[in-house]
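First up is the structure itself, then whatever we jot down about it.
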Amino acid sequence: MIKLNVDGSEIEVSEGSTVYQACTQAGKEIPHFCYHQRLKIAGNCRMCLVEMEKSPKPIASCAMPVSNGMVIHTDTPMVKKAREGVMEFLLINHPLDCPICDQGGECNLQDQAFRYGKGTNRFHENKRSIKDKYMGPLIKTAMTRCIQCTRCIRFASDIAGIEEIGAIHRGEHIEVTSYLEQTLDSEISGNMIDICPVGALNSKPYAFKARKWELKHTASIGVHDAEGSNIRIDSRGDEVMRILPRVNEEINEEWLSDKNRFSYDGLKYQRLDRPYIRKNGKLVEASWSEALKTVADKIKSVKPEKIVAIAGSLSSVEAMFMLKTLLQKLGSNNYSVNQFDYKLDTMQRGNYLFNTTIAGIEKADLCLLIGANPRQIAPVLNSRIGMRVRADSLKVARIGGGHNQTYKIQDLGSDIKIIEELAIGTHEFTKALKAAKYLMIIVGDGVYARDDGYAILSLIHKIVTEYNIMRDDWKGFNILHNHASIVGGLDIGFNTPIKLEELELAYLLGTDAIPFDKLKSTFIIYQGHHGDAGASSADVILPAAAYTEQSGIYVNLEGRPQIAEKAVSPVGVAKEDIEIIKELAGYLKIDIGMDNLQEVRVRLAKEYKVFASIDRIIENKFSKFSSKDKLSKEPITAEPINYYMTDVISKNSVTMAKCVEAKEARDEEVA
């Protein structure tokens, strides 16, 4: 520990800390623009100047390491004058855009100019202006406002792993640019908006829409992937205006994927706002009572074993649990969250989780990707891997896939024989596996979405056992899930094998990705919020609330249950999922024993211990899996997906459609 004096107070800080961190620990507020705790130090704004005894001039506290016996002053006339001077220089070329700037009200420059500036301006020359740069459909630029803090540049290279932003020229002519002015090739580019301390980088979809003080903030969870990123929904009235990240050090830190951040406009389009019944081949509007009575009458006329419920990728745990309870009361055990027929082993909870945990990536020294594409499936998780690789503390190899993961990676090939050789120890990469103390294996849908997924999974389990990576001090086996609902569904047993061709009635809970050609003679009930494939095929449509319009539990890929709170009201006469299921149970004269959300959650906590520990990860068991299925000769792949459109909300988002167009245009230019 290092001892130093800050404004007369003796403090101790860890070795390697900066003076800025020491001052912050001492409770002192140090103004800054370029410094960010998650980025490399630049030291170029000079706003964090403090006085150090025996130093002839103020020092940049963010870049100065602490040493024993330092005496620091943060509020002397010298410091005050230095900060006023720096602020005056920063404002020389900064435009008076505050009334029309989207950063107004949440701008670091505004706040610090008010607190640390002189209050008067001595500059009477012409201000410089800079042409705005094009960075794609998500980021709106106003580069005349840029103060050259270089946060965006460092984020792009250090966190996102893309070397596409930099500075050109020198002195007062310096400009931050994307060089070729193309769409940024990153799935987490929107975070540059958050870290920009001024209004140089703003959200293009949110431009001129609202001011901070007009918005209601609601804590929620991102549902467009399985990471469980913590988000804040900002709404005005019953409209979602924007989505921002919430800090959670164990999951997303303070970052957010572009799909979770920008796809909210999809909540406005193609919404199901009233019930429909198919009559004479056409869907016609109906009342709730008529729709529910039709559903109840049809259910009563079908044998229980011919009824199935399938949950979609955005379904909450509570909705699946109530629907499962209803089907069990009817005498049916046909229900599944596995609409894509993934080959997942569910003998133990640790067999289908990301056991290392997202934060645990910091400890790994070797990562083996098998049929996994974390860049598109879990962008924020992938950025953690990338940061470790760029710090030379993690090596990554992969089997299957030739896509760019934004970091250095060793390609082992795509032949299934590679996994067999690793399992028996004859492959040359075996040496690296043996040398690794904390080996992490990530299995993606390039494995479990295959017909021979169980056979490959069995081989991977042999590797897990051979190298003992599921032990008390380290959990190295990981399944990379790609949907928000799947872990929660598996946790409650909403996962029985089903054969669609043998069914007479299908209850689809927001399901749009099943092969509907197998359900041509099946009566389909669709409970969901968007008019997509499920609604188009339905005989009865029950309009439900989206994730922003109801409270629900989602379990992320590492097995952590979290609550997404209700931010706005459902559209039209749509109802919350559990309310629809409860009313349907009433028409069926069935008592499911749960009348409200609180009762559902109490029952969940009693029956499944994971739901008694919201926001926490419980200890999970793991057991070796073996299969006698035959391996195919097809190579393992992890093909790039249409990242921006993976569910009904993102598919109906105008912003996401623009992203797809921009990416296609960029790819054509590069080609």
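Even glycines carry a Cβ here, placed using N, Cα and C.
Features reported for this protein in Swiss-Prot:
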- 1-78: domain '2Fe-2S ferredoxin-type' (DOMAIN)
- C34, C45, C48, C62: [2Fe-2S] cluster binding site (BINDING)
- 78-117: domain '4Fe-4S His(Cys)3-ligated-type' (DOMAIN)
- H94, C98, C101, C107: [4Fe-4S] cluster 1 binding site (BINDING)
- C146, C149, C152, C196: [4Fe-4S] cluster 2 binding site (BINDING)
- 215-271: domain '4Fe-4S Mo/W bis-MGD-type' (DOMAIN)
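Locations of recorded Swiss-Prot features on the structure.
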residue: C34; record: [2Fe-2S] cluster binding site; DSSP class: coil
residue: C48; record: [2Fe-2S] cluster binding site; DSSP class: coil
residue: C62; record: [2Fe-2S] cluster binding site; DSSP class: coil
residue: C98; record: [4Fe-4S] cluster 1 binding site; DSSP class: helix
residue: C107; record: [4Fe-4S] cluster 1 binding site; DSSP class: coil
residue: C146; record: [4Fe-4S] cluster 2 binding site; DSSP class: coil
residue: C152; record: [4Fe-4S] cluster 2 binding site; DSSP class: helix
residue: C196; record: [4Fe-4S] cluster 2 binding site; DSSP class: coil
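Sequence-distant contacts of the domain '4Fe-4S His(Cys)3-ligated-type' (78-117) (same chain, at least 6 residues past either end, Cβ-Cβ under 8 Å): 31, 33, 45-47, 49-51, 58, 123, 127-129, 140, 142, 144-145, 147, 172, 196-199, 202-203, 206-208, 211-213.
Closest by Cα distance to C149 ([4Fe-4S] cluster 2 binding site), from the binding-site residues C34, C48, C98, C101, C107, is C34. The DSSP breakdown of the domain '4Fe-4S Mo/W bis-MGD-type' (215-271) into helical (H, G, I), extended (E, B) and coil residues amounts to 11 helix, 23 strand, 23 coil.
Summary: among the binding-site residues (C45, C101, C152, C196), the fewest other C-beta atoms within 10 A of the C-beta are counted at C101. Listed in sequence order, the binding-site residues from C34, C48, C62, H94, C98, C107 having a Cα within 10 Å of the Cα of C146 ([4Fe-4S] cluster 2 binding site) are H94. Take the Cα of C98 ([4Fe-4S] cluster 1 binding site) and measure to each of the binding-site residues C45, C48, C62, C196: the nearest one is C196.
Comparing C-alpha positions, C48 ([2Fe-2S] cluster binding site) sits nearest to C196 among the binding-site residues H94, C101, C196.
Apart from C34, C45, C48, C62, the [2Fe-2S] cluster site neighbourhood in this chain, defined by C-beta within 8 angstroms of the site C-beta centre, holds Y20, H32, F33, Y35, A42, G43, N44, R46, M47, A60, S61, A63, C149. Taking the Cα atom of each, C196 ([4Fe-4S] cluster 2 binding site) and H94 ([4Fe-4S] cluster 1 binding site) are about 15 angstrom apart. The two recorded residues C107 ([4Fe-4S] cluster 1 binding site) and C45 ([2Fe-2S] cluster binding site) have their Cα atoms spaced 16 Å from each other. For H94 ([4Fe-4S] cluster 1 binding site), the nearest of the binding-site residues C34, C45, C62, C152 in terms of C-alpha separation is C45. A distance of 18 Å separates the Cα atom of C152 ([4Fe-4S] cluster 2 binding site) from that of C62 ([2Fe-2S] cluster binding site). Other than the site residues H94, C98, C101, C107, same-chain residues with C-beta atoms no more than 8 angstroms from the centre of those residues' C-beta atoms, the [4Fe-4S] cluster 1 site, are P95, L96, D97, Q103, G104, L109, Q110, R145, V198, G199.
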